[in-house]
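Participant: Structure provided below as structure tokens; questions to follow.
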Amino acid sequence: MSALAVLAPRLGSGPRLDIDLGAVAANTRLLAGRATGELMAVVKADGFGHGALGVARTALAHGATRLGVTSLDEAWALRDAGLAVPLLSWLNPVDADWATAAARDVEVAVPSLEHLAAVAAAPGRHRVHLHVDAGMARDGADPACWAQLCRAARRAEQRGEVEVVGVMGHLGCADDPSDECNALGRTRFAWALETARATGLRPVDRHLASTAATLTDPRAHHTMSRVGAGLVGIDPSGTVALRAGLTLTAPLVSVRRVRAGTAVGYGHAHRTAHPTYLGLIPLGYADGLPRPASDRAEVLVRGARRPLVGRISMDQCVVDVGPGGAEPGETVTILGPGDDGEPTAADWAGWSDTIEHEVVTGLGARVRSRT
Ligand SMILES: *Cc1c(COP(=O)(O)O)cnc(C)c1O
């Protein structure tokens with residue numbers, strides 16, 4: 001048998017992103033147990049990089065009763081796949097396709113008078129959640145306009161154009177339960193609910209908490225929690241051990257022996273201190289490895305952490321596998337739950353001064369299409 005035949009199967013296997021839906025199931029059960037109301041599974045950004053459909057189906061099978069996304073385009077994909085549960089989309093421009101949303105039974109958030117007018121004017125009967133800014137000056141209606149928005153929504157409801165089924169808000173500092181901004185957000189949300197009731201609205205879904213407040217602050221739960229990060233194993237509050245859902249591995253494309261003082265990669269940003277072996281990994285920043293992690297990150301080679309050396313390039317990076325060497329084709333682990341000592345998303349976030357959310361959602365289409 002030729003050497004090629006032996007090598008071919010190993011060389012043919014490229015980077016792999018394995019998604020552990022069992023972890024999503026366990027995380028969902030834990031979150032559903034903590035939420036005092038219903039659980040909405042937020043599967044925006046392709047389920048935080050874990051595949052929106054898989055995460056949605058798994059979460060619905062383990063305690064979530066609804067789905068949430070940002071854009072209507074994300075909502076269509078879920079409906080196209082046959083998911084018929086209640087579904088909310090909360091971030092759309094004023095001229096979005098509200099008629100199709102109504103026809104496909106997608107509930108939409110209304111954060112402004114302009115949105116309300118556009119939704120009400122579109123054909124169909126629209127189930128809407130009025131969105132109040134609970135104190136982060138991002139999405140949601142300015143409290144100064146809230147009463148006016150509630151009155152306009154009530155008139156639209158009386159005309160049969162919309163049905164206000166919900167009121168939503170979002171907390172800006174829930175990852176730090178001790179931050180006083182949380183109490184201000186809860187108070188503002190309670191005021192927004194009162195104002196809505198006083199104008200005659202009867203929103204049955206009242207939701208403020210995402211993952212962090214679901215885990216740390218029952219006072220924010222109301223009738224529903226919207227959780228995304230927690231489903232895929234990220235706890236922004238750092239209070240619960242959730243299970244990570246991604247493992248990223250890659251084969252070493254090549255291994256070379258180098259002398260001490262060898263310059264590695266663009267800008268010669270690294271020089272080897274000792275004679276060693278360098279392994280080439282076919283993943284770079286275009287695959288979502290954050291470039292700021294250059295010369296800081298580690299990967300798992302033969303059960304041990306080994307440093308990435310030199311700058312992470314667009315499509316590739318280099319690991320110093322040490323004097324023991326490694327074989328071309330050998331699998332290295334870039335990121336995983338950490339069970340075998342491999343780096344976690346939290347490690348990568350630390351190396352690149354960001355949060356786990358950005359690491360997992362950044363592992364982009366190229367990695368996923370290869371798997
Ligand atoms: C992303 C998002 C969520 C989910 O937040 P997690 O912290 O990921 O659970 C909830 N609500 C809104 C408005 C969001 O944008």
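Every residue, even glycine, has its Cβ placed from backbone N, Cα and C.
Bear in mind that TrEMBL entries carry predicted annotations, made automatically and left uncurated.
Pasting the relevant annotations from TrEMBL:
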{"type": "MOD_RES", "residues": "Lys44", "note": "N6-(pyridoxal phosphate)lysine"}
{"type": "ACT_SITE", "residues": "Lys44", "note": "active site, proton acceptor"}
{"type": "BINDING", "residues": "Arg138, Met314", "note": "substrate binding site"}
{"type": "DOMAIN", "residues": "245-371", "note": "domain 'Alanine racemase C-terminal'"}
{"type": "ACT_SITE", "residues": "Tyr266", "note": "active site, proton acceptor"}
Participant: Within 10 Å of the Cβ of Arg138 (substrate binding site), how many other Cβ atoms can you find? Include all protein chains, please.
Facilitator: 10
Participant: In DSSP terms, helix, strand or coil for Met314 (substrate binding site)?
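Facilitator: SS state of Met314 (substrate binding site) = coil.
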Participant: Could you give the number of helix, strand and coil residues in the domain 'Alanine racemase C-terminal' (245-371) as assigned by DSSP?
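Facilitator: When I sort the residues of the domain 'Alanine racemase C-terminal' (245-371) into the three classes, I find 29 helix, 40 strand, 58 coil.
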Participant: Tell me, what is the mean pLDDT of the domain 'Alanine racemase C-terminal' (245-371)?
Facilitator: 96
Participant: Which one of these recorded positions, Lys44, Tyr266, has the sparsest Cβ neighbourhood, judged by other Cβ atoms within 10 angstroms?
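Facilitator: Looking at the recorded positions Lys44, Tyr266, the Cβ with the fewest others within 10 Å is that of Tyr266.
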Participant: Please report the distance from the Cα of Tyr266 (active site, proton acceptor) to the Cα of Arg138 (substrate binding site), rounded to the nearest angstrom.
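Facilitator: The separation of the Cα atoms works out to 39 Å.
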Participant: Residues with Cβ closer than 8 Å to the Cβ of Met314 (substrate binding site), same chain and 6+ apart in sequence?
Facilitator: Gly284, Tyr285, Ala286
Participant: Can you give me the Cα-Cα distance between Lys44 (N6-(pyridoxal phosphate)lysine) and Arg138 (substrate binding site) in Å, rounded to a whole number?
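Facilitator: That separation, Cα to Cα, works out to 17 Å.
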Participant: Please report the DSSP secondary structure of Lys44 (N6-(pyridoxal phosphate)lysine), reduced to three states.
Facilitator: helix
